[in-house]
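The structure appears right after this line, and notes come after that.
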Amino acid sequence: MQYQLLINGVLVDGEGERQSVYNPATGEVILEIAEASPAQVDAAVLAADSAFAEWGQTTPKARAECLLKLADSIEQNALEFARLESQNCGKPLHCVINDEIPAIVDVFRFFAGAARCLSGLAAGEYLEGHTSMIRRDPIGVVASIAPWNYPLMMAAWKLAPALAAGNCVVIKPSEITPLTALKLAALAKDIFPPGVLNVLFGRGQTVGDVLTGHEKVRMVSLTGSISTGEHILRHTAPAIKRTHMELGGKAPVIVFDDADLDAAAQGVRTFGFYNAGQDCTAACRIYAQRGIYDALVEKLGNAVSSLKMGAPEDESTELGPLSSLAHLKRVTAAVEEAKALSHIRVITGGSQTEGKGYYFAPTLLADAKQEDAIVQREVFGPVVSITVFDDEDQVLRWANDSRYGLASSVWTQDVGRAHRLSARLQYGCTWINTHFMLVSEMPHGGQKQSGYGKDMSLYGLEDYTLVRHIMVKH
């Protein structure tokens, strides 16, 4: 099992404190890995800064070829990556193989092509006797911090556009789920020039702070919690670094009287509980119009209670464990707080399961009120609440009454209503009669405290570039 760091094209052991990496399905230690020392963080950043002088001047074609080689290598090692991700995260193995690995490969291939397609304002004589042109140039060294819920996929979302644009990257995966990023490092060292891609391991306070605060780091990209985002913004503010933040969500799912209730119930079953609900876009905050509220509660109760929890390697498993014991405790506390409210009905689930591993039963909480914490705060687990609403204006007001602004969905057969709401919902993405669907060609990102900046799409590539004006007098 690959446990070494990648610094300047060489795999090396960490020189810092050793950290245990767990299998959340069993609670057992998989292995111990040594963190990067401050000196190693410095070496990785300096290697990236040195490599940038040449990598930043390579042609888009050359960068695309490297990304395509990495995509091919991931595809060729798909089963090994899937097993590592499943073991380290508790994800059902078949979900990683069938859903995540193909999407990861596609992201690298998309940005390989996108690197060759950047466009801008036409060059011309906007001032007599002077020709102006626009350049989109790479930024420099990018520090990327990946989360623990989709370790390899989020690494791909960060690495692909940054490298495609000509930046050099130092990436730190979560200390909870580092295995696939470290495996990726072993493949990347033979594809990219030394220093272009560096992979470190360690905790935020010991490695992340040193990395993001380094004077040679020009941009920090984070997918994580609001509190982590706030910390990084405060930490990097004195240096005025560019930042790219994706900080979670609490997606409203608005179901009107005319919606296909079977489709909505199946949608919540799938999109609210995929990855054990550990997803920023999870369909977790349901609003049902009064006329169909009771019927939808019943359908959702049946749908959610039918989800099969089990071992990640079992092909029939739909729901795996939460990522860590600490997170299991957070989810349990959030649900217990909700259950203490007299108006909350627990339709199914509501507690962690007995036995080994960090499993929490798929949970549906009915009759939640707009002001309840279970409606307002991100739980990031297999927990869905449902609230009754009366009309379009009320539900729009409630849906937007949130500090989050990442994803939302509207379920209705009324095309006009779908357009009205999608235009007024304060979310980076709104799906109509579906949820959770992502493609490499379309942007993913939020507003409000869900952050700013886009992943995927040409917009994501542009986020990793600088716009410069060149004027020639003649």
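Quick reminder: no glycine exception, Cβ is built from N, Cα and C everywhere.
Positions annotated as active site by Swiss-Prot: E246. Marked as active site, nucleophile by Swiss-Prot on the basis of sequence analysis: C280. Under the heading NAD(+) binding site, Swiss-Prot lists A146, P147, W148, K172, P173, S174, E175, D209, S225, I226, S227, T228, C280, citing sequence analysis as support.
Within the same chain, residues at least six positions away from C280 (active site, nucleophile) with a Cβ under 8 Å of its Cβ are N149, T223, E246, G248, G249, E378, L406, A407, S450. In this structure, S227 (NAD(+) binding site) is part of a helix by DSSP. The sparsest Cβ neighbourhood within 10 Å, among the listed recorded positions (E175, E246), is found at E175. The Cβ of A146 (NAD(+) binding site) has 27 other Cβ atoms within 10 Å, all protein chains considered.
The highest number of surrounding Cβ atoms within 10 Å, among the binding-site residues S225, S227, is found at S225. The Cβ of W148 (NAD(+) binding site) lies under 8 Å from the Cβ of C89, P173, S174, I176, T177, S323, S324, each of these being in the same chain and 6 or more residues away along the sequence.
Looking at the residues that bind NAD(+) per the record, A146, P147, W148, K172, P173, S174, E175, D209, S225, I226, S227, T228, C280, the two CA atoms farthest apart are separated by 24 Å. In this view, P173 (NAD(+) binding site) is surrounded by 27 other Cβ atoms within 10 Å of its Cβ, with every protein chain counted.
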